[in-house]
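Please read the structure below before turning to the comments.
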């Protein structure tokens with residue numbers, strides 16, 4: 001029992017800074033929305049539309065680079081720290097190539113925006129302008145993620161938290177300057193949010209690099225003789241590990257986007273209630289997501305040390321802590337769902353629907369916690385391909401079709417509206433949780449030599 005308590009302390013010490021970093025990132029998006037809304041409703045809508053395109057694109061790159069964390073954790077655990085610098089350099093090359101692709105997609109996103117039904121031309125122009133300003137921050141964001149993954153792979157999660165809050169503090173005044181046109185800068189409105197956010201990502205990257213160069217704990221790995229050129233074999237391995245994670249993230253983001261589109265014809269009350277419940281549940285999701293990042297680090301480190309039993313302990317402890325957290329957040333959600341809904345909107349119909357949907361959200365919080373931590377465990381074992389298959393099957397084969405049938409058809413019951421989609425979420429996330437656990441058990445029952453061989457690839 002003592003080993004599980006000790007492991008839980010280590011996991012929480014790693015996870016809490018990740019939680020705070022995620023809060024800072026969420027707060028940046030909130031600040032952008034509020035400050036653009038203070039300029040005009042059109043600018044706020046433009047930022048919202050631009051963000052809905054930016055997020056899937058940048059999260060794809062983010063997911064691809066998450067492969068670095070278990071690779072570095074495993075090298076650190078095995079004492080092969082001299083190989084870490086080379087992996088990081090290849091990570092920067094990969095980030096550079098991916099950022100060019102993302103920038104090309106975002107530059108041409110105007111075709112998607114203007115194709116939207118009944119969109120106001122002025123709104124479309126502002127959304128395109130916002131994206132074309134923001135896209136210059138894509139390399140900065142992805143380079144920052146490489147540096148952050150280096151630190152987190154070495155079990156240093158506090159730097160990411162500090163840089164997140166530095167970014168938030170810089171974002172507010174820079175937003176103000178470019179939205180309203182102060183200190184000789186042009187008045188750009190919502191487009192100014194894109195300029196500010198792009199600048200902030202570069203500031204965060206440069207601050208993180210400055211920290212890494214000065215950190216005594218990384219003195220032995222931060223330098224490499226000469227300039228490392230792209231190495232196809234290393235980059236191919238990073239892509240093999242990262243692409244399934246990137247696609248899984250993409251499937252998750254697009255699932256919720258598709259559901260939002262399917263709910264939109266049902267009316268203002270249904271859309272508002274759905275959005276409130278979704279926004280609150282996404283805030284709760286920060287907890288298991290951060291714990292999953294910590295579990296990846298611990299499992300990768302233990303496998304690097306050659307201890308499959310300690311890796312199992314880290315995995316089981318992560319799941320136990322995650323279930324405890326999810327139980328507490330579910331009780332909190334059920335107990336205060338009406339009061340939470342009132343913070344967003346005071347329309348009685350909207351509050352009633354949002355409170356009902358939050359009840360369904362509370363039901364899936366434990367499943368959601370298990371599946372996201374399960375994903376973190378599999379990343380630690382470098383078994384990322386299974387994450388892709390499980391996510392696709394659970395979300396797009398089971399969750400979305402069942403939600404659509406329950407919400408919009410009478411094949412099973414009378415059309416349930418948004419609640420049907422939320423039952424679909426429960427089905428999808430519970431299926432994902434079950435499949436993640438089955439895959440984890442399958443991996444852990446392999447002979448230790450095979451597990452360690454797979455982890456050292």
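Numbers run from 1 along the shown chain.
Every residue, even glycine, has its Cβ placed from backbone N, Cα and C.
If you look up Swiss-Prot, you'll see 1-10 (among others) marked as topological domain 'Cytoplasmic'. Sequence-distant contacts of the topological domain 'Cytoplasmic' (1-10) (same chain, at least 6 residues past either end, Cβ-Cβ under 8 Å): 298, 313-314, 316-317, 320-321.
Feature annotation from Swiss-Prot assigns topological domain 'Extracellular' to 32-52 (among others); the stated evidence is sequence analysis. Long-range contacts of the topological domain 'Extracellular' (32-52) within the same chain, counting only residues at least 6 positions beyond its ends with a Cβ under 8 Å from a Cβ of the stretch, are 113, 116, 120, 122-123, 126-131, 134, 171-172, 175-176, 179-180, 189-191, 193-194, 196-197, 257.
Remark: secondary structure over the topological domain 'Cytoplasmic' (74-92) totals 16 helix, 0 strand, 3 coil, with classes taken from DSSP. The topological domain 'Cytoplasmic' annotation in Swiss-Prot covers 74-92 (among others) and rests on sequence analysis.
The topological domain 'Extracellular' annotation in Swiss-Prot covers 114-126 (among others).
The residues of the topological domain 'Cytoplasmic' (148-159), classed with DSSP into helix (H, G, I), strand (E, B) and coil, number 8 helix, 0 strand, 4 coil. Residues or ranges marked as topological domain 'Cytoplasmic' by Swiss-Prot: 148-159 (among others).
Among the features that Swiss-Prot reports, topological domain 'Extracellular' is placed at 181-188 (among others), with the record citing sequence analysis. Sequence-distant contacts of the topological domain 'Extracellular' (181-188) (same chain, six or more residues past either end, CB-CB distance under 8 Å): 129, 133, 195.
Residues belonging to the topological domain 'Cytoplasmic' (210-242) score a mean pLDDT of 80 in the model. According to Swiss-Prot, the feature topological domain 'Cytoplasmic' maps to 210-242 (among others), an assignment based on sequence analysis.
Using DSSP to sort the residues of the topological domain 'Extracellular' (264-275) gives these counts of helix, strand and coil: 11 helix, 0 strand, 1 coil. For 264-275 (among others), the entry in Swiss-Prot reads topological domain 'Extracellular'.
As annotated by Swiss-Prot, topological domain 'Cytoplasmic' applies to 297-313 (among others). The DSSP breakdown of the topological domain 'Cytoplasmic' (297-313), given as helix, strand and coil counts, is 14 helix, 0 strand, 3 coil.
The topological domain 'Cytoplasmic' annotation in Swiss-Prot covers 371-386 (among others) and is backed by sequence analysis.
Under 8 Å from some Cβ of the topological domain 'Extracellular' (408-417) lie the Cβ atoms of residues 262, 266, 270, 423, all in the same chain and six or more residues away from its ends. The topological domain 'Extracellular' feature in Swiss-Prot is assigned to 408-417 (among others).
Positions annotated as topological domain 'Cytoplasmic' by Swiss-Prot, on the basis of sequence analysis: 439-457 (among others). Non-local neighbours of the topological domain 'Cytoplasmic' (439-457) in the same chain are 74, 78, 237, 300, 303-304, 306, 308, 311-312, 315, 374, 377-378, 381-383, 386, 390; each lies 6+ residues outside the stretch with a CB under 8 Å from one of its CB atoms.
Taken from Swiss-Prot, the feature transmembrane segment covers 11-31 (among others).
Beyond its flanks by at least six residues, the transmembrane segment (53-73) meets 84, 87-88, 91, 94-95, 98-99, 102, 105-106, 109, 112-113, 131, 134, 138, 141-142, 145-146, 149-150, 152-155, 238-239, 241-243, 245-250, 253-254, 257, 293, 296-301, 304, 379-382, 384 of its own chain at Cβ-Cβ distances under 8 Å. The transmembrane segment feature in Swiss-Prot is assigned to 53-73 (among others).
According to Swiss-Prot, the feature transmembrane segment maps to 93-113 (among others). Counting residues 6+ beyond its ends, the transmembrane segment (93-113) has Cβ neighbours under 8 Å at 49, 53-54, 57-58, 60-61, 64-65, 119, 124, 127-128, 131-132, 134-136, 138-139, 142-143, 145-146, 228, 230, 235, 238-239, 242 in the same chain.
Beyond its flanks by at least six residues, the transmembrane segment (127-147) meets 45-47, 49-50, 53-54, 57-58, 61-62, 65, 68, 88, 91-92, 95-96, 98-99, 102-103, 106-107, 109-110, 113-114, 163, 188, 190-195, 197-202, 204-205, 208-209, 212 of its own chain at Cβ-Cβ distances under 8 Å. As annotated by Swiss-Prot, transmembrane segment applies to 127-147 (among others), with the evidence given as sequence analysis.
Break the topological domain 'Extracellular' (32-52) down by DSSP state and the numbers are 20 helix, 0 strand, 1 coil. Touching of the transmembrane segment (350-370) and the transmembrane segment (276-296) is concluded from the presence of at least three CB pairs under 8 A, sequence neighbours closer than 6 excluded. Outside the topological domain 'Cytoplasmic' (148-159), and at least 6 residues removed from its termini, the chain residues within Cβ reach (under 8 Å) are 14-15, 17-18, 21, 65-66, 68-73, 75-76, 84, 88, 91, 208, 211-212, 215, 217-218, 293-294, 297, 300-301.
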